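Annotated in TrEMBL:
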DOMAIN    A:34-548  domain 'Cytochrome oxidase subunit I profile'
TRANSMEM  A:45-67  transmembrane segment
TRANSMEM  A:99-123  transmembrane segment
TRANSMEM  A:143-162  transmembrane segment
TRANSMEM  A:182-208  transmembrane segment
TRANSMEM  A:220-248  transmembrane segment
TRANSMEM  A:268-291  transmembrane segment
TRANSMEM  A:303-324  transmembrane segment
TRANSMEM  A:336-361  transmembrane segment
TRANSMEM  A:373-395  transmembrane segment
TRANSMEM  A:407-433  transmembrane segment
TRANSMEM  A:445-466  transmembrane segment
TRANSMEM  A:486-509  transmembrane segment
Amino acid sequence: MSAGKISSGSEIDDPGYPTPEENYLTNSKGLLSWIFTLDHKRIGVMYLVGVSVAFLVAGLLAIGIRLHLMSPDGWFLETGAVKAITGDKPTNDVYNQVFTLHGAIMVFLFIIPSVPAALGNFLVPIMLGAKDVAFPRLNLSSFYLWMFGAFFFISALLASGLDTGWTFYTPYSTTSNTSVILATSGAFILGFSSIFTGLNFIVTINTMRPPGMTWFRMPLFLWATYATSIIQVLATPVLGITLLLLIAERTMHIGIFDPQYNGDPVTFQHFFWFYSHPAVYIMILPAFGVISELISVHSHKRIFGYRFVAYSSIAIALLGFLVWGHHMFTSGMSPVTTIIFSALTFSVSVPSAIKVFNWLATMYKGSISLTTPMVYAIVFIFLFTIGGLTGLHLGTLATDQHLHDSYFVVAHFHFVMVGGTLVAFLGGVFHWWPKMFGKMYSEKGGIASAALVFIGFLVTFLPQFILGSRGMPRRYATYDPEFQTLHVASSIGSLILGLGLFVALFVLLKSLFSKERAPANMWGGATLEWACTSPPPFYNFQRAPAVDDPYDFTDIVWDSVSERYVRVEPERKLAPEEQPAHAGE
Amino acid sequence: MSAHEGSKEGYDFAHPLPLSLLFGVFLALTALTVVTVAQASFDLGSFDIVVVMFIATIKACLVMGIFMHLAWDKPFNILMFVGSFVFVALFIVTTLYDSRATSQDSIPVTNDIVAGPNPKVES
Amino acid sequence: MATSEAGHSADQHAGDAHGHDHDHPDYLAHHFDTPEQQFDSGKLGMWLFLVTEVLFFSGMFCAYAIFRAWRPEVFEGCSQFLNTKLGAINTGVLLFSSFTMAWAVRASQLEEHKKTAALIATTLCCAMVFLGVKAVEYSHKWAMGLLPAGLFSYDENNPHPPGPNWLLYICMPFIVITIGVFLWMVFSWATKAKFQFQCAKPLFFVCLSFFGGVYLGTVLEPKVEDHAVHASADGHADAAEHAEGDPHAEGDSHAEGEAEAAGADEGEHTEEAHEAAPAEEETEEPVIELGSVVPKSGTMVDTSRDLEIQRKLASVEANSAVRDELNALERQDMNASGAITYHQTDDTSNTIAGSEEDVMRRSRAGVFFSIYYCMTGVHAIHILAGIGVLVWLLVRSLRKDFNRNYYGPVDYVGLYWHLVDLIWIYLFPLMYLIR
């Protein structure tokens with residue numbers, strides 16, 4: 001690893017720089033080099049594969065649910081093919097287990113680790129200009145904890161299913177005959193995986209920043225990741241103890257949550273939501289970070305109100321701890337508490353709205369290129385806004401009495417989690433795919449997938465708002481015939497959505513086999529990951545990267561000869577004392 | 001970083017605490033334990049818990065400040081650790097408040113004496 | 001703050017452009033620039049881990065607060081069963097171990113290798129004494145049936161029923177480990193494996209100190225017995241005796257098994273058992289005093305046999321009438337005991353009738369002991385984990401791994417150990433000192 005004198009600027013295709021052939025994917029070979037890797041990029045890629053598999057499983061379960069609800073008396077789970085697997089279990093029990101596993105796998109195995117663990121692991125050190133995360137071994141162990149937890153979930157699925165819903169509410173979870181203990185142990189382990197990831201990122205961002213990378217030169221994705229990590233560290237342990245007590249309750253009947261021994265189920269709900277409401281922000285905050293990057297890069301315009309977007313991430317993280325009670329309005333909380341929680345719930349919408357307005361303002365008069373990631377980002381803004389606003393209906397005490405536990409809640413949740421997090425995740429994957437693997441996918445295919453996802457999503461979940469407000473309760477295997485039209489529409493939508501996701505998968509996988517190499521700076525981004533080769537070399541940077549404003553696109557221009565973005569001779573805007581004084585490695 | 005002035009940057013950042021200080025803290029902690037056990041034999045009524053927790057908190061501060069070097073640590077570490085207690089307090093106080101407020105009135109009332117002054121919740 | 005450090009570290013490198021060879025000592029991981037950066041990262045990581053620990057424990061403190069606020073008299077009554085003397089001794093032991101740990105950090109910073117190892121070994125010994133005392137406390141309570149709500153089987157008229165010698169069971173793994181360490185020590189001494197012997201020697205004393213703790217506990221436990229509410233005999237010694245050759249031991253374990261089957265279906269059992277039992281007190285609800293009634297009611301066995309027969313009959317498809325009756329009995333019992341309705345059992349104690357004597361029930365004392373076992377148990381698990389890392393630290397300190405630029409691991413383990421102490425500082429008054 002030689003470090004010559006830095007010449008000028010950061011022209012990356014200069015001689016002496018390693019060729020793209022020497023990268024993190026090729027620097028060592030064999031399965032073992034992946035299994036024992038400490039490289040954050042490889043761990044990120046392994047997470048990406050892992051969460052995608054989990055998503056596939058849970059997604060297929062979701063399609064199973066939707067197909068079942070084609071008919072008021074249930075259809076799909078009654079069919080011969082399914083019966084061949086489930087045996088003589090009553091169909092409604094099977095339905096309970098299918099939706100529980102759909103929820104639990106999606107939440108614990110997919111959404112929570114999707115953006116922070118998969119994209120975050122790959123990007124955080126590179127965006128920061130560091131060689132690796134602060135604790136590479138901890139990072140690898142948190143991946144294996146994730147695998148281990150996933151294994152528990154799968155065994156629960158195979159053993160006897162799980163029918164409590166992903167929330168494990170007592171007293172149902174203390175009396176259910178399904179493998180609650182296996183699943184809660186899985187969630188407990190996954191919690192540790194999540195804590196270690198968050199801890200690692202906080203330390204990395206705090207202590208591993210290279211010279212020149214001040215707090216307010218960090219890309220907004222890092223701010224969002226930082227905020228997420230704070231929640232992971234503060235909230236997840238409470239889930240840990242809750243699940244531990246639940247296991248004790250099931251095995252020893254400790255009587256803390258179980259009314260049979262004078263326990264209090266509402267206390268369980270407090271414990272659970274103290275984690276799980278902030279966990280909702282673990283799911284959505286990194287998506288905000290992704291979108292901030294996407295919008296700015298593809299509009300080729302400085303992000304509007306950088307500091308506001310950055311601070312709003314932290315504000316959401318902290319306010320997220322004050323609102324857990326809005327999940328329990330109908331559970332028998334005291335009236336005073338419900339009013340306080342309802343009022344506080346509205347406060348979260350302020351920083352969220354700040355973000356949306358800032359994204360729109362960034363796009364305004366920007367030079368927008370409608371690339372696949374940008375299309376996904378626009379889809380995100382549209383869907384997330386609907387999801388966020390319908391959240392206010394549910395946060396209002398009076399309307400929540402009517403809408404609670406109805407399809408309205410299902411629709412709201414999916415607008416935020418699928419329309420929000422999943423779409424942002426896909427956008428992020430499309431955005432950084434050329435960086436990760438050095439290959440470019442077919443833009444047409446990518447945009448087609450975005451369009452299918454968008455249409456499929458709306459057809460699936462818009463009817464559910466109507467269903468919910470008309471009184472269709474959630475989690476039911478059968479329903480009144482009057483709801484059938486909307487249910488069928490929703491089911492058809494889910495097929496379109498599924499098709500869109502398969503197209504996205506196909507487009508991405510196909511690109512891996514193409515010969516064409518993606519340039520280092522695919523989109524004309526100014527953050528540090530675009531300053532290294534695609535795919536990045538093993539230690540990310542051969543020499544300390546020159547840290548500059550991450551949203552200053554003035555020096556990056558499209559060179560029509562080489563058909564790629566190049567950085568023109570930069571006029572350094574740094575003050576002399578901020579100049580990196582050396583060329584490190 | 002006043003702790004390591006004059007040394008090569010990045011090296012010699014250790015600042016060992018004097019043994020007398022450590023031992024003094026240990027003695028103080030032991031003395032406070034004796035006090036807290038001794039006070040238990042007096043009936044202080046409802047102040048009991050307050051007194052006990054006050055002594056425990058003094059002990060905790062000694063351990064955190066001296067043994068855990070928090071008094072000489074970076075402000076950010078102090079903020080992190082002490083901040084976590086804010087979240088603990090938020091969690092416990094809210095849950096406790098709510099549980100206090102509902103433990104009476106959500107019970108199906110079968111006995112007149114149980115019915116408290118609170119109105120019955122219809123939620 | 002962190003920025004300025006990063007800045008410094010950069011300056012430090014300014015002279016030689018790539019300091020990888022000269023400036024990266026063995027102990028410095030490749031992705032850090034300076035030992036200080038490495039130390040700071042580790043320390044911040046450790047603090048964050050402690051934050052998660054604090055929040056982890058907060059759940060149990062919350063449960064404690066809820067139930068104590070709800071029924072202070074239960075906590076007062078049950079706290080009498082905890083031995084203040086043992087608790088105070090354990091507090092002292094932990095405080096001393098904290099002191100030696102802090103001293104070990106100082107010694108490692110000053111590169112006093114021998115002292116560091118000795119102090120870490122002392123800390124380990126204290127941890128073991130703590131566990132030894134805890135083992136005595138636990139086994140004593142288990143023998144008395146002071147268990148979590150579902151298993152709670154305390155009977156004030158017969159507080160020391162014969163049962164297995166729990167203390168022996170708890171000691172068993174420690175005995176095995178001690179023998180193993182002893183063999184290792186002898187073996188390494190015989191083969192002149194100097195470093196291994198160096199490690200095994202302190203570890204052997206560490207193992208022995210567990211039994212020191214057990215001895216300390218057994219000596220102190222009976223004395224306090226007199227001032228504890230009901231006890232007459234020495235709990236575990238008693239239990240040990242009985243376990244040796246008491247013919248009734250079997251019947252007793254039967255009672256325990258009964259208590260374990262804590263489902264709603266055992267309620268009717270209680271009802272009947274209660275009727276059969278001499279009416280020694282006017283309990284409003286014959287709820288879950290199963291454990292207390294079983295051992296002395298002679299008719300009990302018959303009742304349960306009846307029940308067995310009934311159950312068998314009910315399992316035959318045709319006997320729907322028996323099954324219905326059984327179900328009806330169960331439901332009736334659930335209604336009667338209040339198990340079926342949320343908080344129903346709460347009522348009696350708010351009435352005049354609800355007084356001290358029915359504190360010792362599953363849904364009262366049982367919950368206290370649930371919380372007690374959860375909190376002290378999770379704390380004990382943390383002690384065990386601490387012992388694990390301290391042993392690792394001991395070996396490394398004997399290897400002289402630490403110096404003034406690399407003492408991080410000692411410091412981090414120290415922080416963890418102090419946190420464990422910190423939690424005990426709160427647990428002790430909250431559990432043992434309720435008057």
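Including glycine, each Cβ sits where the backbone N, Cα and C put it.
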**Request:** Using a Cβ distance cut-off of under 8 Å, indicate which of A:45-67, A:99-123, A:220-248, A:303-324, A:445-466 has the most pairs with the transmembrane segment (A:373-395).
**Result:** A:445-466
**Asked** Under 8 Å, at least 3 Cβ pairs, sequence separation 6 or more: does that hold for the transmembrane segment (A:303-324) versus the transmembrane segment (A:407-433)?
**Response** no
**Message:** I'm a bit unsure how to read this: which one of A:45-67, A:99-123, A:143-162, A:182-208, A:486-509 has the highest number of Cβ pairs shorter than 8 Å with the transmembrane segment (A:268-291)?
**Reply:** A:99-123
**Item:** Stretch with greatest number of CB pairs under 8 Å, the transmembrane segment (A:407-433) reference, A:99-123, A:182-208, A:220-248, A:486-509 candidates
**Value:** A:99-123
**Item:** Best-contacting stretch, by C-beta pairs under 8 Å, relative to the transmembrane segment (A:445-466) and drawn from A:99-123, A:220-248, A:486-509
**Value:** A:486-509
**Prompt:** Is the transmembrane segment (A:182-208) packed against any residues at least 6 beyond its ends, judged by a Cβ distance under 8 Å, and which are they?
**Reply:** 104, 108-109, 112-113, 116-117, 120-121, 124-125, 128, 130, 133-135, 138-139, 141-143, 145-146, 148-153, 155-156, 159, 162, 168, 173, 218, 222, 225-226, 228-233, 236-237, 239-240, 243-244, 246-247, 282
**Message:** Suppose you look only at the domain 'Cytochrome oxidase subunit I profile' (A:34-548); what would the mean pLDDT be?
**Reply:** 93
